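Undergrad: Following this message is one structure expressed as structure tokens.
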Amino acid sequence: MVKKIGVLTSGGDAPGMNAAIRGVVRAALSEGLEVYGIEDGYLGLYHNRMKQLDRYSVSDMINRGGTFLGSARFPEFRDPEIRKIALQNMKERGIDGLVVIGGDGSYAGADLLTKEGGIHCVGLPGTIDNDVAGTDYTIGFFTALETVVEAIDRLRDTSSSHQRISIVEVMGRFCGDLTLAAAIAGGCEFIAIPEVEFKREDLVKEIKAGIAKGKKHAIVAITEKLDNIDELAKYIEKETDRETRGTVLGHIQRGGAPVAYDRILASRMGAYAVDLLVNKISPPLNFSSGGFCVGIQNEKMVHELISVCIAPENKKSKFKEDWYDTAKKLF
């Protein structure tokens, strides 16, 4: 069983990361473990920026957005020599367990630390994109969803006033979950996501059909990277003769106090990660095959090998086809 653990946040920040850190710290302390917070993700691990945490270090953190430990992208961590230094920094402090909060790239780093250095690593899915395999939802997804829906509601007010078509670009990388959920909750008329082939002409055809039925304004929700929003807006305006404007929500989607569900999810996952590290889950985990990651499926905490969850065939979360069918029926 581990005696000292580290916790870090890596990659893009997500609301609820602080709640997850809090869950890890307080659960670990209740098991008699020492906990070290690692600043700025793997970058801080490499530069040996660590500090011991107690229960008061995470007081008043459950409601705070962002991550008080800081986060950074550190592609140099792919270099084995860089990882050797990071491992040595942990071993000098006696750290034998590590909780990594982030996306699949962060998971990959954790898995390497386990395989190369014997550190017992557990990953928690922290990303607004909801694109991590092995879990129904990721920490931060529902808070980002509230942010996007609020923006859609505001855009609908002005779009209806001016009989305008509004395009909303939503984060998600190669996963359309956030766009899809926001489109349903925001009552969007049209949607474009990576999981379904997107063609401008098909979208315009749908918009024209809506106009023919008497539709005077519309909201189009589209996942980032599918198209250039400004160019798409000009194309739609030219083809439909309706004023069209694009709005890129950007990094505002990552900020804000986490909603209640994200706080609960993060707390449960943090505590479950500690349970895995202290062998409270039966049967005890065998870290000789690599690190593990935590997920929630049907509202129950689950775990799986990181290598399974980041495998190409499992890398993306399962497309919510039933959600998409519902959205199409309601357009």
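Each residue, glycine too, has its Cβ placed from N, Cα and C.
Sharing the feature lines straight out of Swiss-Prot:
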- G12, R73, F74, G103, D104, G105, S106: ATP binding site (BINDING)
- 22-26, 55-60, R156, 187-189, K213, 215-217: ADP binding site (BINDING)
- D104: Mg(2+) binding site (BINDING)
- T127, I128, D129, R164, M171, G172, R173, E224, R245, H251, I252, Q253, R254: substrate binding site (BINDING)
- D129: active site, proton acceptor (ACT_SITE)
Undergrad: Near the Cβ of T127 (substrate binding site), how many other Cβ atoms are there if near means within 10 Å?
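TA: Other Cβ atoms found within 10 Å: 29.
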Undergrad: Specify the nearest of the binding-site residues G12, R22, F74, D104, G105 to I252 (substrate binding site), where nearness means the distance between Cα atoms.
TA: G12
Undergrad: I'd like the number of other C-beta atoms within 10 A of the C-beta of R173 (substrate binding site), please.
TA: 16
Undergrad: Here are the binding-site residues: Y56, F74. Which has the lowest count of other Cβ atoms within 10 Å?
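TA: So among Y56, F74, the binding-site residues given, the one with the fewest Cβ atoms within 10 Å is Y56.
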Undergrad: Given the ATP binding site residues G12, R73, F74, G103, D104, G105, S106 in the record, what is the largest Cα to Cα distance, rounded to whole Å?
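TA: About 14 Å separates the two most distant Cα atoms.
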Undergrad: Do any residues at least six apart in sequence from G105 (ATP binding site), in the same chain, have a Cβ closer than 8 Å to its Cβ, and if so which, in order?
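TA: The list for G105 (ATP binding site) reads S10, G11, given in order along the sequence.
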Undergrad: Between the Cα atoms of V25 (ADP binding site) and G103 (ATP binding site), find the distance and write it as a whole number of Å.
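TA: So the alpha carbons of V25 (ADP binding site) and G103 (ATP binding site) sit roughly 20 Å from each other.
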Undergrad: Using the alpha carbons only, what distance in Å do you get between T127 (substrate binding site) and Y56 (ADP binding site) once rounded?
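TA: Just about 26 Å between their Cα atoms.
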Undergrad: Rounded to an integer, what is the Cα-Cα distance in Å between G12 (ATP binding site) and R173 (substrate binding site)?
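TA: Taking the Cα atoms only, G12 (ATP binding site) lies 12 Å from R173 (substrate binding site).
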Undergrad: Based on Cα distances to S59 (ADP binding site), point out the closest of the binding-site residues R73, G103, R173, R254.
TA: R254
Undergrad: Using the structure shown, find which entry in S59, S106 (the binding-site residues) has the sparsest Cβ neighbourhood within 10 Å.
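TA: Ranked by other Cβ atoms within 10 Å, the binding-site residues S59, S106 bottom out at S59.
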Undergrad: For substrate, with binders T127, I128, D129, R164, M171, G172, R173, E224, R245, H251, I252, Q253, R254, what's the maximum Cα separation in whole Å?
TA: 32
Undergrad: Within a 10 Å radius around the Cβ, which one of these binding-site residues has the most neighbouring Cβ atoms: R22, K213, H217, R245, R254?
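TA: Sorting the candidates by Cβ neighbours within 10 Å, the top entry is R22.
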Undergrad: Specify the count of other C-beta atoms within 10 Å of the C-beta of G187 (ADP binding site).
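TA: Around G187 (ADP binding site), other Cβ atoms within 10 Å: 15.
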Undergrad: If H, G and I count as helix, E and B as strand, and all else as coil, what does DSSP give for Y56 (ADP binding site)?
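TA: Assignment for Y56 (ADP binding site) reads helix.
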